[in-house]
Structure formats: C-alpha cells, structure tokens
Amino acid sequence: MRLAVGALLVCAVLGLCLAVPDKTVRWCAVSEHEATKCQSFRDHMKSVIPSDGPSVACVKKASYLDCIRAIAANEADAVTLDAGLVYDAYLAPNNLKPVVAEFYGSKEDPQTFYYAVAVVKKDSGFQMNQLRGKKSCHTGLGRSAGWNIPIGLLYCDLPEPRKPLEKAVANFFSGSCAPCADGTDFPQLCQLCPGCGCSTLNQYFGYSGAFKCLKDGAGDVAFVKHSTIFENLANKADRDQYELLCLDNTRKPVDEYKDCHLAQVPSHTVVARSMGGKEDLIWELLNQAQEHFGKDKSKEFQLFSSPHGKDLLFKDSAHGFLKVPPRMDAKMYLGYEYVTAIRNLREGTCPEAPTDECKPVKWCALSHHERLKCDEWSVNSVGKIECVSAETTEDCIAKIMNGEADAMSLDGGFVYIAGKCGLVPVLAENYNKSDNCEDTPEAGYFAIAVVKKSASDLTWDNLKGKKSCHTAVGRTAGWNIPMGLLYNKINHCRFDEFFSEGCAPGSKKDSSLCKLCMGSGLNLCEPNNKEGYYGYTGAFRCLVEKGDVAFVKHQTVPQNTGGKNPDPWAKNLNEKDYELLCLDGTRKPVEEYANCHLARAPNHAVVTRKDKEACVHKILRQQQHLFGSNVTDCSGNFCLFRSETKDLLFRDDTVCLAKLHDRNTYEKYLGEEYVKAVGNLRKCSTSSLLEACTFRRP
C-alpha cells in the first residue's frame, strides 16, 4: 500500500504517468463582442471535434498589445493581428511569430499579401527619387499602403525637423490629400480635398478615393494597393495610361506590381510564441474549424462573419487559412521593405538610399575558413567590406533578405532560391581568360558525373545501388542537374533509396545520403566547409576515398590531379584514372567533357537585395581591380580569388566578376531551361527557405 501511494505521489509531482498532452488553444479576445464570438467558436468546435482533438478556451484582454504580452507570458496562445501589430509582436521581449495566415480570393489562387504601390500617370515623367514638390494622394492618415509605407520609405528625404511628421510631409509635397489629417494644423495635407474628411463622404478617401484624386488630376501620385487600379479601371487601354514607380527609380506597367512595389503587406495573421507556441495545434484547430465553419459551410456559426460587430477574431472578408511555413519568422514574413518603413517611422532611423554614398557591403561568410578570408578582405578593403557569418547558405540568403547581410556569391541552384526570395544577381563569376573579362558574358560550365576508370562496368544506366558523392543538396552540378535527370527516369524523390549510400551535405542526418560523409559530430553532412566532403573538391575526395560516382563541374578533376592539389589525399592522383559517364550509356576520358556531360550549368553569381544592387556592383568592381586576378603574388598580398583551402567566398578559378548586361533577374540569368529543370525538382525539395519564400512570392 505504501509503495502504491508513493508511486502515485511521484506521478502527481512529475506529471509523467499517463500524461495527456494539453490540446487547448487559449484564444485572446479584445472586446465583449469578440469574447462572445470566441465562446460561440469554443462551443461549436466542441460539437464537431472528437474529445481527444483540439479545443478552444477564451482569454479576454483590453487591447491587442495586452494580448501580445499575454501570449509572450504563456497566459494565452493565439490572436489574429494586422501587419503593424505583427511587427510589435515580433519585437523583443515579445518574440512572437506568424503561424497561420488568413487568405482572400479563391482556394485555387489564395491571396495572403497585397502590394503597396505608387501609381502615376504615364506621361508625368518623374521617378521615385523626384517626389519632392509633387502633389500626393493618400488613402488616409496612418493607413498602411496610403501613408505608413510610402512615408516610412521617404522618411530620410523629408525636410528636418521630421517631428511632427505631418508637418514634414506637408513641407515635402507641394500639396496633398491625406484624409483624417488635421486640416487646421496642417492645411497643406488637405489642400487637394478640403476638410480632409475621414469617411467616404470625402470623394478622395480610401483606396478608390486616392486613385480618383490622381485620375482627376488633383494629385501627381497615388499611394494605394496593387488591386486598386484594376478595381477602378476594367479596360486595359485605360490602365495603360498609368504606371508604377519602383524603388530603384524606374517605372513599370501596373500589372508588374510583383516586381515594382513599395512593400509587400501581409494579410491578417495568427501569431504564437516562437518557442513552445503550439503552432501545430493552432493549425490543426483552425484547419478543422474552416472545414466545419468556413465560407458557406454552416449557418449555425461562421468563422468569417461578425453579426455583432466587424472583423471579430478574424477578418469578415477572409476566405480561409493557410499554414505559415515553419522557417518563416516575423521579419521574413513582413519583408524587408515593410520592416524598414515601419522602423523608420517609429524609430526615426534612415535606410540607405540608392543615391547615398555607398555604405560598406556586408558579405556573408560560411564556416570558419570563409570568415578568416572575409576578415582579411575587410582589413584590406579599408572598411568597404564588412563580414557577417552564417552556418548555411540558406541562412546567409535569409540574412541578406532581412538586411543583416548584403551579398554573397552563389551556385546556380542557390541563385534560384535567392531569386525566389526576392534577391537579384548583380555580377557573375567568369572562369575564362579574355582581354575584356568584365564585359565578356560568362559561358557557364559543364556538370559531369565522374567515376573511377577501374569500375569499368559502371554507366549512367546502372547507378542504382551505387555510392554517390554530391557537392551539396540544392547545388547545381552536385544535385539539381543529376537529381533532376534521375527524377525524370524514376519518377519519385526517394534518392536515398536509389543510391545505397552517399554524401550529399544538407541531407537529413539519418539519411543514407549522409552515411559516407566525413564530418565529425554535429558537422557531419553539414552544407559548409566543416564537412570535408562538401563542395566540388569535397565531392571528388568522397569519390577517391569512398564513393562510386561524384557529381561535380568539369574543372574539378584536373584541378585536383597531377599534383595541382598538394593535400595528402590528392597529391598523387592521376587524371587518367578517372572517366566521365555520358547520358547515352557510354564513358569518355575526363578531357572530353564537351561531348560527355549532364548539362551546361550557369556560373556562380553574386546576389543582393534590389536596394543594394548599385552599391554592391560599384564596390565589387573596385575591389576586384585592387585584389583580383591581376595580383600575381598571393603569398604576401590579399587575393580575392585564391583560398587557403578551396573555393572560399568565390571559386578559386574565377578570373573576374563580369557584368550581367540585361540578365539581371534570376530567371534571365539562369535561363529558361535551367529554371524549368529546377522548378520540376521543387517537388523533391527539402529547402525550408524555398518553401517560405514561395509562400511570399507564389
């Protein structure tokens, strides 16, 4: 008896015996009407969800900020917020993250974001950096697309003092219509719409009103959302009389808003704690809720309806929910432009404008060796280059997206991911010596499959069950091209079953494609130089020491044989001991790569954000003139294209960084065939970053 009581006490204290996981989502409501709807939500979910399923509890607070604090303190679990409040929720000490997004439109084409744009008449002739002295049309004071975003981005161009903000804006434009502004204190903000009425009684109020202000000729520019012009002008010929102002001081047609906008603004979003936030449970609850009580599902209770108010718990105009990818934090979800605009307004900080003197370029380095080289570059550049570290290439891309870093050079596979994340190529590594290297369009390189000559029975057609060596998951020659070709043959993504073993850095640690890797401890199979079989040289070493086939570039074998690589594993290797697999089932000597390869691949390219494009281009061209291939003695001087190990920051065989001319988007740079091939392989992608970026830019 005493033992039994003791056991029960242990169970009670530790909570370990037959523990039932807490499947309750505590929803935060900010008014009596919201609390009433929350209780109805709770009761109706009980009637349709099994007893072991998710349930709702309601927590009432006085404001959204109180809800944010309650969730951070684990007194509540979820609340739906607009974009501005998502920014507040993300800031320390709250540290909340978006977990579920409302969508609008159809299930087939769900809209989770809108674009804030600056619309002008086609014949007006000015650019974004020439708005001073123009007449402006705004949806309303304090509204996202019509005020916060454009004024936030223009903040540093406003005349000082910038407080009060309304006065600075009034002095920047020659006249405005900013509904809801104080016309007595700031008459210039009401010059185009006398009275500045804060309702539809003011003909220039709201999205359609701001566009009408432009259309009528009262203003020169209207700050609205991307759909406004389509909602007000059904005829394409009429829409063609208008253009969008882009942040890089160019213009684009109104239907190119995805590539020419002030910011991408997310829809209303459910937020939760970043750690222990029940995000999967919240999604399970809301997914089941929309199945039972979504649009046109039930007359008893409707998630997206507010009989006793407007937009209670969720927006009445929402059509459903989408799960936010787990890789996406609030900064990525809101986007660099939006975060910059809001931070400028709240903190009075200024972004780097394209017309400013270029600030240092923050280069993203992977691994200890890359950081050492980057630091040496930084010292030699006399402050033109600064260094930022990240564990993986995808982490670097994310840092560039959110402004923590500015640039890095990427393999074509990662140029694709970076492009999907909104980054742009700015210069290409060129590996061919010529009299005018910087102006010579790069020709690309060949992706090849290398085997040992002694394995004479091995061909492209009988690779199943063999041991494979890859540069890294997601890279061009080592993964995208060979796996894309294999996918077309086997019609599934289980490459870890196709090969018996392999080393494909970036694979899941328990995958057979990590079994051949040589990294120790946590560095095993990591997609950086801490894994000895990472990259071109690493994949070839994997073949030399353990594998049957290596997927690399055509220069890899000659660069690591004949004594060119002095490392102990490579110094005695002979190029003649290796052969290439051809797609027709034959084999050829290594030097015949032009007639025996898997595909031609795009050269590595430097990527950056659109707002840094001009500065990165300018500074890198200066840097290569100082430290490029014209430096002959690298023993006593810093050389940009030489490495203590292999291919640090840039490929070691880079001759120069070449201009892209008109190939300044990832699609144009990579080419239609490569983009299509990588797109087909996306269904096999394990890239959490690609998933997140595709959510933002479908």
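Yeah, the Cβs are placed from backbone N, Cα and C, and that goes for glycine too.
Taken from Swiss-Prot, the feature signal peptide applies to 1-19.
Annotated domain 'Transferrin-like 1' per Swiss-Prot: 25-347, in sequence order.
Swiss-Prot lists C28-C67 (among others) with the feature disulfide bond, giving experimental evidence as the kind of evidence. C67 (disulfide bond) falls within a helix when secondary structure is assigned with DSSP. Counting every protein chain shown, the number of other Cβ atoms lying within 10 Å of the Cβ of C67 (disulfide bond) is 27.
Secondary structure at C213 (disulfide bond), as computed by DSSP, is helix. The disulfide bond annotation in Swiss-Prot covers C137-C213 (among others), and the record cites experimental evidence as its basis.
Every protein chain shown contributes to the tally, and the Cβ of C198 (disulfide bond) ends up with 14 other Cβ atoms within 10 Å. The disulfide bond annotation in Swiss-Prot covers C180-C198 (among others) and rests on experimental evidence.
Annotation comment: Swiss-Prot describes C190-C196 (among others) as disulfide bond, evidence class experimental evidence. Cβ neighbours within 10 Å of C190 (disulfide bond), excluding its own Cβ and spanning all shown chains: 23.
If you take the C-beta of C260 (disulfide bond) and look for same-chain residues 6 or more apart in sequence within under 8 angstroms, you find V117, L244, L245, C246, T250, R251, K252. DSSP assigns C260 (disulfide bond) to coil in the three-state reduction, placing it in neither a helix nor a strand. Summarising the annotation, Swiss-Prot assigns disulfide bond to C246-C260 (among others).
If you look up Swiss-Prot, you'll see C358-C615 (among others) marked as disulfide bond.
Per Swiss-Prot, the feature domain 'Transferrin-like 2' maps to 361-683.
According to Swiss-Prot, the feature disulfide bond maps to C364-C396 (among others). Proximity of C396 (disulfide bond) to non-local residues of its own chain (separation of 6 or more, Cβ distance below 8 Å) is seen for C364, L366, V388, A390, A405, M408, given in sequence order.
According to DSSP, C387 (disulfide bond) is assigned to a strand segment. Counting every protein chain shown, 20 other Cβ atoms lie within 10 Å of the Cβ of C387 (disulfide bond). Residues or ranges marked as disulfide bond in Swiss-Prot (evidence: experimental evidence): C374-C387 (among others).
According to Swiss-Prot, the phosphoserine annotation covers S389 (among others). Using a 10 Å radius centred on the Cβ of S389 (phosphoserine) and all shown protein chains, the other Cβ atoms total 18.
Residues or ranges marked as disulfide bond in Swiss-Prot: C421-C693 (among others). For C421 (disulfide bond), the number of other Cβ atoms no farther than 10 Å from its own Cβ, over all displayed protein chains, is 23.
Non-local contacts of N432 (N-linked glycosylation site) by the CB criterion (under 8 A, 6+ apart in sequence, same chain) comprise T440, E442, A443, V655. Residues or ranges marked as N-linked glycosylation site by Swiss-Prot on the basis of experimental evidence: N432 (among others).
The disulfide bond annotation in Swiss-Prot covers C437-C656 (among others). A simple way to gauge crowding: the CB of C437 (disulfide bond) has 19 other CB atoms within 10 angstroms, across all the protein chains here.
In the three-state DSSP scheme, C469 (disulfide bond) is classed as strand. Counting Cβ atoms from all protein chains shown, C469 (disulfide bond) has 30 others lying within 10 Å of its own Cβ. For C469-C542 (among others), the entry in Swiss-Prot reads disulfide bond.
Highlighted in sequence order, D411, G413, A447, H470, A472, T476, W479, N480, G535, Y536, A539, F551, V552, K553 have their Cβ within 8 Å of the centre of the Cβ atoms of T471, R475, A477, G478, the residues recorded for hydrogencarbonate 2, and are not part of that set. Predicted-model confidence for the domain 'Transferrin-like 1' (25-347) is 94, expressed as mean pLDDT.
The Cβ neighbour count for C137 (disulfide bond), using a 10 Å radius over every protein chain in view, is 29. A 10 Å cutoff on Cβ-Cβ distances gives S685 (phosphoserine) a total of 17 other Cβ atoms nearby, all chains included. Nearest in space to C421 (disulfide bond), taking C-alpha to C-alpha distance over the binding-site residues T471, R475, A477, G478, is R475.
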